[in-house]
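Asks: Once you've had a glance at the structure underneath, I'll fire off some questions.
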Amino acid sequence: MARVACSNLVPALSLLPKKSTSSFPLCRNHSFFTNNSQFTGFFGIANRRFSASSSKISMSLKAGIVGLPNVGKSTLFNAVVENGKAQAANFPFCTIEPNVGIVAVPDSRLNVLSELSKSQRAVPASIEFVDIAGLVKGASQGEGLGNKFLSHIREVDSILQVVRCFDDNDIVHVNGNVDPKSDIDVINLELVFSDLDQIEKRLEKLKKGKAKDSHSKLKEEAEKSALERIREALMDGKPARSVALTDFEKDAVNHLCLLTMKPVIYVANVAESELADAGNNPYVKEVMNLASELQSGLVTISAQVESELTELPLEERNEFLKSLGVSESGLGNLIRATYSLLGLRTYFTSGEKESKAWTIHAGMTAPQAAGVIHSDFEKGFIRAETVSYDDFVAAGSLAVAREKGLLRSEGKDYIVQEGDVMLFRFNV
């Protein structure tokens, strides 16, 4: 039986939504269904055109690909971002600066909506992958490229830690032999050391108690309590994300950007010959157990296969996968695993101009979801005309959905559901 090239086991975690900051003035009593590349006088701004970059706020989602030297992380990055090649060479520290690439999130629903709405174009959601230079033991004290590594990793939302799960005498392992647990421990220990150092410095400052008002004092007390519990967990070898915190405590420590607070997916990189039966790979089994213990996700993938796929014409890729005994490339599942890990959802806008997928955090209300398009949409939110993806497809169009009573009018408290197709009414 054909196997999927990538299997995943990921917990759904939620992160605080990022606030929109743009406030470009729009006219009153607007409705918005599709995001245009350029808004025109249709919105009541006479003889004025401006680019989408100045007219909307889109969520910036970053996933950092990390790992020890020569585990296959840059090879994986090359495959994930076909137009953003990192230098993949068989020696440590070949990726000196982080390479960044924007990747479209595969979603077949978007094409269906685009066809039904006869849209001029379809715009998928995207995710930004960052290939971060490898590190070695002692990175928290500056060994190798440790300081650069630790500063770059603070900037990402989630961590994809590539773990070598294949033997190859031609590719030297930085520690001399393949040992997934040791590799994971090296990176995790450096992250723990970095967090402990930062926490100790912060607690010293908090001892001075410079809060000027009662609210600030409460926040400092919450931060101190949370950091003391996190420090205890770190000393026991557990990540900061394993500590149960209240929303108030999370907000209090959020400014520290603790490395072990970030969600992690372990990417078990196997040989091409073992891809179809990766579950029997003893290295993969070891990573699977560790991922469960560390409350993290797991994806099994062959970076070499993904790299080879990018060199083939589209029509030949499926045949190549079949020859390996698998039915699907791992790229799509890797992206979906990242979405799942971060607790993200997708909603759509669809019309003649374009159909577009928008990324939001699970639990966002309709006004917050509108704010992802533009902050003014959230400020002046009136209602959201909403239909589920399945109902939209069954009806065949928004007009028919409205006639059949499938189009709902949702207010400010509505929690946007996965796959909702939405039309926002707002007044600014």
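Any Cβ shown, glycine's included, is placed from N, Cα and C.
Okay, these came from TrEMBL:
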BINDING   ASN70, VAL71, GLY72, LYS73, SER74, THR75, VAL270  ATP binding site
DOMAIN    61-343  domain 'OBG-type G'
DOMAIN    343-426  domain 'TGS'
Asks: Given the binding-site residues ASN70, SER74, THR75, which one is most crowded in terms of C-beta atoms within 10 angstroms?
Replies: SER74
Asks: What average pLDDT does the predicted model assign to the domain 'OBG-type G' (61-343)?
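Replies: PLDDT averaged over the stretch: 82.
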Asks: Could you put numbers on the helix, strand and coil content of the domain 'TGS' (343-426), residue by residue per DSSP?
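Replies: Taking each residue of the domain 'TGS' (343-426) in turn, the totals are 26 helix, 32 strand, 26 coil.
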Asks: Compare all C-alpha positions of ASN70, VAL71, GLY72, LYS73, SER74, THR75, VAL270, the record's ATP binders, and send over the largest distance in angstrom.
Replies: 15
